[in-house]
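Trainee: My questions will all concern the structure given below.
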Amino acid sequence: MSASKCYIMGLRLKGMFLTSVSPLLSNSRPYPHILPTPSSQNMSAYGQTQYAAGMQQAPAYASYPQPGQPYGIPAYGIKTEGGLTQSQSPGQSGFLGYSSSFSTPQTGQAPYSYQMQAEYSTIHSPSTPIKDSESDRLRRASDGKARGRGRRNNNPSPPPDSDLERVFIWDLDETIIVFHSLLTGSYANRYGRDPPTSVSLGLRMEEMIFNLADTHLFFNDLEECDQVHIDDVSSDDNGQDLSTYNFSTDGFHAAATSANLCLATGVRGGVDWMRKLAFRYRRVKEIYTTYKNNVGGLLGPAKREAWLQLRAEIEALTDSWLTLALKALTLIHSRSNCVNILVTTTQLIPALAKVLLYGLGVVFPIENIYSATKIGKESCFERVIQRFGRKVVYVVVGDGVEEEQSSKKHNMPFWRITSHSDLMALHHALDLEYL
């Protein structure tokens, strides 16, 4: 086991979460960096068949309804940055107050059957502030904690279109994808599925995520050199042609390991070492962008078939959770005035592997993905605001306490995801242009 893996393992004593080891796959290695890092819960390690109840962020819910059983959808309300408030219901908010009930389709029926009573009212956008000068925008273009060294803008992504009106900030685990609760067995217990099967699927996906990150995304090199955003070290990149560059012999990993350059001490390497770090992140960006629509091409034929089979099994066990989330994400992505942003507490490189393997690369360009492992979600939200400005309306979609608290601090509407019906209601509100 590498020194970096030993370092990660040592963080158990500080409350870092480790993946359970299934009795069915007792030789599987734990990969804590693939799981989101909990920030506001009392954690306890779990292993064998004992799972940590503390990891369940929401109370137990009734089993997912069978086809033909209507979903109970509460009334939705939202508070915008301008202060306008519609009717609200506990634990859930949407852009316009409405109540609805709709049922899953029977064979041969249209996808949805709605009975709506809308309390429609216009959302007034907040007043437009004086436009920042270019120098001010560059000076504040990245989070202070991430910069810390007075360097130039470390997020050279293209500026947003002038007609951008709404930014949706998404959580990943247990919001868009079901992953962590597969590993703990909590999803299976909640929805009446087989826990050993759930844990087995979770471990198989975990192994696939880790292998993709190591094999194609330099995670062995970058595990302890984690960044918040793919472009955070781009200013150290001299633009050298990497087509014939040999990453395995440039001495980067040995230097990083011997000097502990990437650990929490904040120690930085020299110019040459930082350039090699930037080269790796540039190549990761190229690989992600090239294969986000063709993950099978990246994996190769044999692994592609295993990946597609695993995806299908997870979708079957989770009642098409990912499909429901993708419907909302795709609708947002299709709008010229909206954008999807991902903020996750998974480290950046494993998060990119997750996004690719769950087929989310189409709706999340790599420059729209942020890792909150180092700085927390609140600081990531601040970076997103600095990037897109305060003229747009931000909507946070998630299941956890951290993103909810961060959204409240920044006066952002929060849409809670705790069940399939929440995802369906979100798509419903988007489809009717309430959001």
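In case you wondered, yes, glycine gets a Cβ from its N, Cα and C as well.
Copying in the features that TrEMBL gives for the protein in this structure:
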- ASP171: active site, nucleophile (ACT_SITE)
- ASP173: active site, proton donor (ACT_SITE)
- ASP171, ASP173, ASP399: Mg(2+) binding site (BINDING)
- 131-146: compositional bias 'Basic and acidic residues' (COMPBIAS)
- 123-163: region 'Disordered' (REGION)
Trainee: Using Cα coordinates, what distance in whole Å links the residue listed as 'active site, nucleophile' and ASP399 (Mg(2+) binding site)?
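Mentor: Per the Cα atoms, the residue listed as 'active site, nucleophile' and ASP399 (Mg(2+) binding site) stand 7 Å apart.
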Trainee: Among the recorded positions listed here, ASP171, ASP173, ASP399, which has the most company in the form of other Cβ atoms within 10 Å of its Cβ?
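Mentor: The residue with the densest Cβ neighbourhood is ASP171.
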Trainee: If you measure ASP399 (Mg(2+) binding site) to the residue listed as 'active site, proton donor' at Cα, how many Å is it?
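Mentor: The residue listed as 'active site, proton donor' has its Cα 9 Å from the Cα of ASP399 (Mg(2+) binding site).
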